[in-house]
């Protein structure tokens, strides 16, 4: 790729999260001259520092504590491992450090120039980089990619400066040991932190603004999570919204519109996210966002200005780190070739890192029923698998939805430990074209034994035996 001489760079990428990294690597591999602007002092974006990586590291530490305390091999009922939130945060910090160093190396090896400052548009090809010491410099580029991510949504009536009111970013600076937590918002983030806190024996009240947990999931998966939370002592309030939130010296009171009142040591507000666009100076180039700070793009991730692209959380759905990386790669392809021949896959897998995990890909039973598709269900319970019995992972199941006539796999849903890994075995077959996508593959192939992957053979046999 040859540099257009009137510009400093072929492309400027604003943000170094998964989307920015995918774009930078895609462009650099084709010889483009790249500048990456990151306002945080380290690369990685929200995914590495406040979102995916720390929350999953916390979850892993908690799940291992639970496993130890429940395993009769280690536990004799006289000793129980207990750990505080601040203790397990140290594990998360270690992982964040490893991730940051690795990603810093990616940029350095690919000769991407990094600028640590706040970016804003001066005009459609010029970016000002504002540094913490109040100095600034300007950079120009033929193409600009906005990959600034998102942050927790802050309603004006909630005082997030109060020391007992947290969002999903600031919760990582929790400096006391709560005995009781209220989590407002039962989306993915809210449910994951409900699992983490309950796993640390903290009392958890989960306020859900909808009528069931994670309504986008297959209903059986949603119901399984609800039951598991209930069985572990999480109190869930469905169809509730806050009227007011009062911060106290030693806690917080949440007044609900239904008239209920709830009190706890602290509140985690986890209801919605907002695109990081307010400081970009978009008004200087004629771009505007929706009410949640998100930009509209076409199939090649171009905004209303063809040389300015947007990817990742800043464009909304699907708001997944995995998808953001692919979007960055596709935007790079569009810049290099003038067109993005590839697109995100239709069925993007979802991984939810509650305890136990949930993962799904493809259609739910509710969607197939509404579409009047003649499908059948194959199920495997983890408790019937030798590997699950050996490692003590008896809670969980795998469900395969397939067409009764063609045997084509239509959806896969998994609840249980390692679900986010297990799902990809089925996804690989489901993504095959034509006759390659068939549930009979799992009957006709040979699995290692004992493995969790064997659940696919059990579920396939279960489903095929239902046909007549």
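Including glycine, each Cβ sits where the backbone N, Cα and C put it.
Per Swiss-Prot, FAD binding site is recorded for 38, 39, 40, 41, 42, 43, 44, 45, 46, 47. Within 10 Å of the C-beta of residue 46 (FAD binding site) there are 25 other C-beta atoms, taking all protein chains into account. According to its DSSP assignment, residue 46 (FAD binding site) is helical.
For the binding-site residues 38, 40, 42, the largest tally of other C-beta atoms within 10 A is found at 38. Sitting within 8 Å of the Cβ centre of 38, 39, 40, 41, 42, 43, 44, 45, 46, 47, and not among those site residues for FAD, are the Cβ atoms of 15, 16, 17, 48, 49. In sequence order, 16, 17, 53, 96, 99, 100, 103 are the residues near residue 44 (FAD binding site), counting only same-chain partners six or more apart with C-beta under 8 A.
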